[in-house]
């Protein structure tokens, strides 16, 4: 007899999957498939060479998702690749280069000038690691029960149902865990402790799949991926009428988390978790009679079967299942003839996101009629449990499926699915409207199916067909990424060895793809090392009455607790000396650091920190900009820029428009959280610091702690205090929730404007006030507001300007530097009034924008002359390459033909000033060593964060010295080689560090000149056997030159919105960007795309949510959503403007890190354009307010229609909202 073994490969989240559960499992990590010393695996090679890795922190996970797909399907389709990445996130790349590199595995027709796919090594499945033979032989042997004991938790893995029942009898309150996707989060983030965990994943009965006459029975331990696989096969074989429920389950699973979760999460676990926003429970509840067999060691019968009906969920996270009972299996039924089923889910992000509202809807008609025999409407997200709309269903039973039923159903649902205006989760109007929108979609879908019989012929005797302009409301979401990239070509005649302008691969990409790149927390632990965990405030504003660390001392491994009294010297810190190392008497935000616990391990340190007791006397906090304005809580420095005669400008204007716009903040969400490691060097108190920072200069002054807001010198004084106290190595790496709680982000802004303009759209006068939420200290808020004011014009010539910028002081963590540094906020408000005035004039927005653009030689509102003004070239190229006018006509036709789907398009320019606005920071240092073997060691003052700075600097040195890049090695940034560095920020790092390197190289070449003259035919090996720009600006006089030069760009974006749900998809984006003469087009295009997608998050998705008391709800990826792979435009075209050298930067290049971010505003205003079309269908034609980000909630609420009118908002001031806009 020959044994044939079948193996499947599954991705899983290492942070959730317990080590205990890996017994009898072969684990492959990124280090196990290839390395830089021997051979890269094709999955590693292609992401590196296609420029798909920047900071590299996410790269190993993406590589392993692709590797797993290739092991299961060596020739995948592009759809398979997209699906494989649903659980992966990247903050740097914009995703396009990753998809483009991996598209080569799909044998898709493509070409790229950024990499040569013919150089890729082919995928050879025969060269993959074999499955361990020991595990093969183990599969035929009787498995034994396993038990692992920790300090506080015991993990037991039974192998038979009998063992499981006995264990449940012994430990009735034990948690049953298969994938650990819920319990793992509860234990880590919610402080839950489960002393006994039982893992039934290996019990055969609980993994069995049985096909019965009534449906398919899945064991409760079956993973969601296995359920999905079974149902897909069955649906392909069954007649459609029998697979209605299965199709609905598959549609929900399609958007259920990512494959890493679905591969381990169990069907039974999803039910028993009893989440009120479960994707599957509403489907199961609505599908008819779902029988759940239970087994109990305490019952005389041993087994009982319950029904998943309206009585199943008894409260929040509670069911009727008794603690000692075990769910064995779940039967999903076949549907019948005349039965129709749909499932819907709306989330903040389409991929890998929890639901806001989810539902399952089922209707059964009397045979051969359109009369309702039975109907079930089940909702999640509308109560503490999954609920059935019982009253509505009762009223609809026996009714004909027609317009009158629809109207009555919506009226009944609006009453039955009501929510308190203070309901947890907020978004009350949106959630209520979704219940009606989903039913309307269901009504149309059923109507469409009733109008055709199952042979495809029209059946007119049941009902009228769906109106043609309503059909798109029934379509399921679909998109397919494609892309094309254009770039400058290297000038003819450029030497082959001259690498400037060529798409050189990121120097760290291969190491990142192999998991070899070392990040701060990858540094091996030192002997006697301690771990530090912060103790932070839970109140936004309060007096500290007492701090009690006595209970922490009883935690194993506890060493000490440090607080303000342990600080040697001054406890005062911060850029404006308005912060403290540790809070002493008063806390001024949630997350304010009060102390820190040191222990021998990370786990012990965390445990001890959680039991430190703090007593407060609460004070009234100021949380929002509005509250700060009311209470005049402002930071002292108020800036103004005035130009011309504003009053006269308004008098000469044909129209005057007033309004305001709010822009929410943004979390940095760098994938590597803050980390610091301090190591004693043994003599004279010397300490070596390893810091995840972009501002090394601050590590030189240990008195300065925790500019806890950028990725800057985090925790240095904390570490120093701890080091002084213990004399031992100390490490601190924040978890995501800690990082988001403690650190500030992009400043929320409120802009109030009054703009005067002529009938043709020409702007005459502008009066604008900017309010920024600075948080509880000055930090960099003044600089952010300065840049916002300097960019209030975006790209438009406004003859008369009166502007004021005010930073609000609130009880939030101090907001800080973020890509764009206030520029995006200033420009976004400009585009708001520009968009509205175009509507007021009744003119095409693109014509009004172009009419107001600057020309070469114009003076800005801050009196800087525009030189080398290429924006109009960018504008014309973008209009042409995007086929703007032809596509606009197509969009108008689409909108006429579709009532519930609308498209919009917008073209947006940007003008971004390049420099630090603090003049002395516009300099850099570099150290270049040339060795006698011809090799060169290069060090500079910039920090490599994934933006390709090191790679560009190697290219600069290569051209400057005239040697191959292979001869040049770069050393990580360090203050003992290049001191007094400027921060790696403001997009100038390549400019200033590149010039420093160029100057250093020129100095060396000058020294070599006598040797070269004596041996002119010798080789490089034979020969070797910053300028500070005149910058500065005076706000009071409105004179000076704040910027060295400007970067320009234009983007045109097209979107499609679902007017019923608020969903949107990005159909196409065209970008034309002036980057001067590119040092490295691959890196520059990567920066453009990465900035654009980060801006896409800022303007359409990422929303920080705070309680009225100033407590941050969005503390991790569960609630805070950055763009995923599926959010990038379906067609994404990036073009670098040709023949535009910049004389003010190294080798005629331009800064590229921050300028492109604002171009994603084109998506926001395309969404607003689509909403205009939807509102027009409802008889609304006036300009309307749309705040940023344009989330599904804001889009849906702005698309006013009969459904939104049935869910009116509660009167402000009559209730306490769950969250506030800060």
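Using N, Cα and C of the backbone, Cβ positions are placed for all residues, glycine too.
Feature annotation from TrEMBL assigns active site, proton acceptor to 1154.
All protein chains included, residue 15 ([2Fe-2S] cluster 1 binding site) registers 11 other Cβ atoms within 10 Å of its own Cβ. According to TrEMBL, the feature [2Fe-2S] cluster 1 binding site maps to 15.
Under the heading [2Fe-2S] cluster 2 binding site, TrEMBL lists 55, 58, 90, 92.
Taking Cβ-Cβ distances under 8 Å and a sequence separation of 6 or more, the neighbours of residue 256 (FAD binding site) in its chain are 224, 262, 279, 280. The annotation FAD binding site is assigned in TrEMBL to 176, 177, 178, 179, 180, 181, 182, 183, 256, 279, 327, 345.
Long-range Cβ contacts of residue 819 (Mo-molybdopterin binding site) within its own chain (separation 6+, distance under 8 Å): 1091, 1094, 1153, 1154, 1157. TrEMBL lists 694, 714, 819, 986 with the feature Mo-molybdopterin binding site.
The substrate binding site feature in TrEMBL is assigned to 787, 821, 917.
The feature domain 'FAD-binding PCMH-type' is assigned by TrEMBL to 148-337.
Nearest to residue 15 ([2Fe-2S] cluster 1 binding site) in space, judged by Cα atoms and limited to the binding-site residues 92, 178, 694, 787, 821, is 178.
Taking the C-alpha positions, the distance from residue 180 (FAD binding site) to residue 90 ([2Fe-2S] cluster 2 binding site) comes to 24 Å.
For residue 90 ([2Fe-2S] cluster 2 binding site), the same-chain residues that are 6 or more apart in sequence and have a Cβ closer than 8 Å to its Cβ are 58, 62, 98, 671. Pairwise Cα distances among 176, 177, 178, 179, 180, 181, 182, 183, 256, 279, 327, 345, which the record gives as the binders of FAD, peak at 28 Å. Here the Cα atom of residue 694 (Mo-molybdopterin binding site) is found 13 Å from that of residue 55 ([2Fe-2S] cluster 2 binding site). Mean model confidence of the domain 'FAD-binding PCMH-type' (148-337) amounts to 92 (pLDDT, 0 to 100 scale). Taking the C-alpha atom of residue 55 ([2Fe-2S] cluster 2 binding site) as reference, the shortest distance to any of the binding-site residues 178, 182, 327, 787 belongs to 787. Of the recorded residues, residue 178 (FAD binding site) and residue 92 ([2Fe-2S] cluster 2 binding site) place their C-alpha atoms 33 Å from one another. Spatially, by CA atoms, the binding-site residues 176, 327, 821 include one closest to residue 92 ([2Fe-2S] cluster 2 binding site), and that is 821. Distance from the CA of residue 821 (substrate binding site) to the CA of residue 176 (FAD binding site) is 48 Å. Cβ neighbour count for residue 787 (substrate binding site) (all protein chains, 10 Å cutoff from its Cβ): 25. Around residue 182 (FAD binding site), the C-beta neighbours below 8 angstroms that are at least 6 residues distant in the chain are 269, 273, 275. Sequence-distant contacts (6 or more apart, same chain, Cβ under 8 Å) of residue 327 (FAD binding site) comprise 220, 268, 271, 272, 292, 293, 294, 321.
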